[in-house]
Amino acid sequence: MKIAVIGAGVTGLAAAARIASQGHEVTIFEKNTNVGGRMNQLKKDGFTFDMGPTIVMMPDVYKDVFTMCGKNYEDYIELRQLRYIYDVYFDRDDRITVPTDLAELQHMLESIEPGSTHGFMSFLTDVYKKYEIARRYFLERTYRKPSDFYNMTSLVQGAKLKTLNHADQLIEHYIDNEKIQKLLAFQTLYIGIDPKRGPSLYSIIPMIEMMFGVHFIKGGMYGMAQGLAQLNKDLGVNIELNAEIEQIIIDPKFKRADAIKVNGDIRKFDKILCTADFPSVAESLMPDFAPIKKYPPHKIADLDYSCSAFLMYIGIDIDVTDQVRLHNVIFSDDFRGNIEEIFEGRLSYDPSIYVYVPAVADKSLAPEGKTGIYVLMPTPELKTGSGIDWSDEALTQQIKEIIYRKLATIEVFEDIKSHIVSETIFTPNDFEQTYHAKFGSAFGLMPTLAQSNYYRPQNVSRDYKDLYFAGASTHPGAGVPIVLTSAKITVDEMVKDIEQGV
């Protein structure tokens, strides 16, 4: 069969490879000049920067794409586990190194507060149990009809997840120490979630880091996008770049998706899998006579969106890779207040920031004697933060100054401005324009209880035959391992439909 995949982000690349490995003819359409989507790369002034995700968690999910296509993952990506997850800075003289080794972890916890290990381990145990339930009964399955969700098994297993509790509540149930609470709560921002609103399951990330380890891909995270692109080429997939989709064509008589309009041409296909950002697809790519019924264009703005980010890609003329960790977090003096600012639409003047220094793990990512630095500052998305004008150069200059002051918390970056030889910024406006991410949301729809599982945009269209969706705004959600799972379960449903002649 002829299959079209819209979008060459990590979801589209993984899905296309899985489909092609089943013997089908697959074409990927990507509007940008390169593959990767939000897993993007910037090469500038001799530096190589990952532009989006940077932390490799759940490596088996990465490997699975290659092995399920009959390939050896080691021929495409080179993974290695990190001994230390990150350095955390509460202020300049208060730094904690978070290890993966259990004995070192206990020592770290006890140094923060004697006796805190028990609560921390109880937290990890509780979250691991919830993760196993969620993975088996909710995350790795699709919901094609109401009975797939509304059944006794889902009711019983869902009750065990205690989804009415929020991430903050679960953390505070086990952890009394404010520093350790911050360590756990901050990580919900990795997928754009407000810990006060996100279901307690989304405090899962610290557990995943501890249980499965944190890894690094040679060449940076973009090495995964390159590996997937090569996998697709090896499987005979055709990747068309600079190919902007104008419309998904729906046959009104048979209510099926049978073509796409791309760069002015109508291209016929047997099935279409769309991995572009779902809200933008529902708003802009469906014909007027054939909207997605649950998500018509006029309702898209009313959905809840994850936060956005202001990113900086900085090159400096000194090599500091032996003085800083690969991954670093610098906390705001008022962490809770900063969270409120992000999700109430206000700009922070004392943000918590994430700092990634890829040459610590791979010297090839910066010129000899120099260092590339990636900085992420969580911000409101464009709807909640409608009062922030990201096109205002005076404003972005002010934010850069805020970030440079915050970077000075790390001693080696105290005089960073005098060493800058390259600087690039990426704003919420850029997320919206570059990736068609609605409201510049960095992680798609926020996974609130009302936008999770059965209530999230589904992988198989309920309105039109031969139309499928995958990606961060669809089930099961955002984050690289999760969108890879989205690709897997969606392709499984498509292959099942093909085998059954649906």
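Even glycines carry a Cβ here, placed using N, Cα and C.
For T11 (FAD binding site), other Cβ atoms within 10 Å of its Cβ number 32. Swiss-Prot lists V5, I6, G7, A8, G9, V10, T11, G12, L13, A14, A15, A16, A17 with the feature FAD binding site.
The FAD site is defined by V5, I6, G7, A8, G9, V10, T11, G12, L13, A14, A15, A16, A17, and by the 8 Å test on Cβ atoms against their centroid, the other residues of the chain that qualify are I28, G37, L228, T275, A470, A487. The Cβ of A15 (FAD binding site) lies under 8 Å from the Cβ of V5, L273, T275, A470, A487, T490, V491, each of these being in the same chain and 6 or more residues away along the sequence. Each of the binding-site residues L13, A17 was scored by the other Cβ atoms within 10 Å of its Cβ; the lowest score goes to A17.
Other C-beta atoms found within 10 angstroms of the C-beta of G9 (FAD binding site) number 29, with every protein chain shown included.
In this view, V5 (FAD binding site) is surrounded by 33 other Cβ atoms within 10 Å of its Cβ, with every protein chain counted. Non-local neighbourhood of G7 (FAD binding site): I28, F29, E30, G37, C274, T275, A276, G471, each in the same chain, at least six residues away, with C-beta under 8 Å from its C-beta.
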